[in-house]
Amino acid sequence: MSAIQIKVGILGLQGNFLEHMNALSKFNVDSIKIIRKEDLQLIDALIIPGGESTTISTIALSMDLMDSIRAFISSKKPVWGTCAGLIMLSEFIDGNSEIKTFGGLSVIVQRNYFGSQLNSAIRTVNIHDKDLGKDQIKAIFIRAPVIKSILNSPLTSIKILGTLESGEIVAVRQGNILATCFHPELSDDDTVFHEYFFNMIKESK
């Protein structure tokens, strides 16, 4: 679609990396699975997919990936976290100080906000950024977190991209970081967030 050569890495420790690859292919974007810190040198952007945040954190620590991913985030290259990926990007997890996160996103997040797997559902998300091209989307929430609060500081500039009808914040952008509580990669007919991330990458080149 674009003459710009783009390669996106998808953290492949655990979670929905194949689904993200399939969604990105609709924009003719090359993607690779990231399992070693050396792989990060090959990519223009990184997606941290859904899965289980405790598992992702444990594996990242055991494979010596934590500091390298933190450095990638600090480099201002685009990074997107979905569901557990959002948790891993958060600075703080409400009620849990044991999970080591990559950080970078100035929010407090609550894990499993809606309950167990049985409470997974498709929910309406109100969109607050015209660049996404829609006023609402139907999004898939699976053991999903929500953003409980945004940490305000002179250096923090977070844009709220999506909220539920009941007001919970479920999608944000902070500079080079995109974060969604839901799973856009599982919505076969709606790739608005993948297109938004694709445009973030193009703008960063």
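Every residue gets a Cβ built from N, Cα and C, even glycine.
Now, the feature entries from TrEMBL:
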| type | residues | note |
| --- | --- | --- |
| ACT_SITE | Cys83 | active site, nucleophile |
| ACT_SITE | His183 | active site, charge relay system |
| ACT_SITE | Glu185 | active site, charge relay system |
| BINDING | Gly51, Glu52, Ser53, Arg111, Ile142, Arg143 | L-glutamine binding site |
*If you skip the near sequence neighbours and keep only those at least six away, which residues in the chain come within under 8 angstroms of Arg143 (L-glutamine binding site), Cβ to Cβ?*
Cys83, Asn112, Phe114, Gly115, Ser116, Gln117, Asn119, Ser120
_What does the structure give for the C-alpha distance between Arg111 (L-glutamine binding site) and Glu185 (active site, charge relay system)? Integer Å is fine._
20
*At the level of the C-alpha atoms, what whole-angstrom distance separates Glu185 (active site, charge relay system) and Glu52 (L-glutamine binding site)?*
16
_As a test of the contact definition, list every same-chain residue at least 6 positions from Ile142 (L-glutamine binding site) whose Cβ is closer than 8 Å to its Cβ._
Gly50, Cys83, Gln117, Ser120, His183
*Residues within 8 Å of the Gly51, Glu52, Ser53, Arg111, Ile142, Arg143 Cβ centre (excluding the L-glutamine site residues themselves)*: Gly50, Cys83, Ala84, Ile87, Asn112, Ala144, Pro145
*Gly51 (L-glutamine binding site) has how many other Cβ neighbours within 10 Å of its own Cβ?*
21
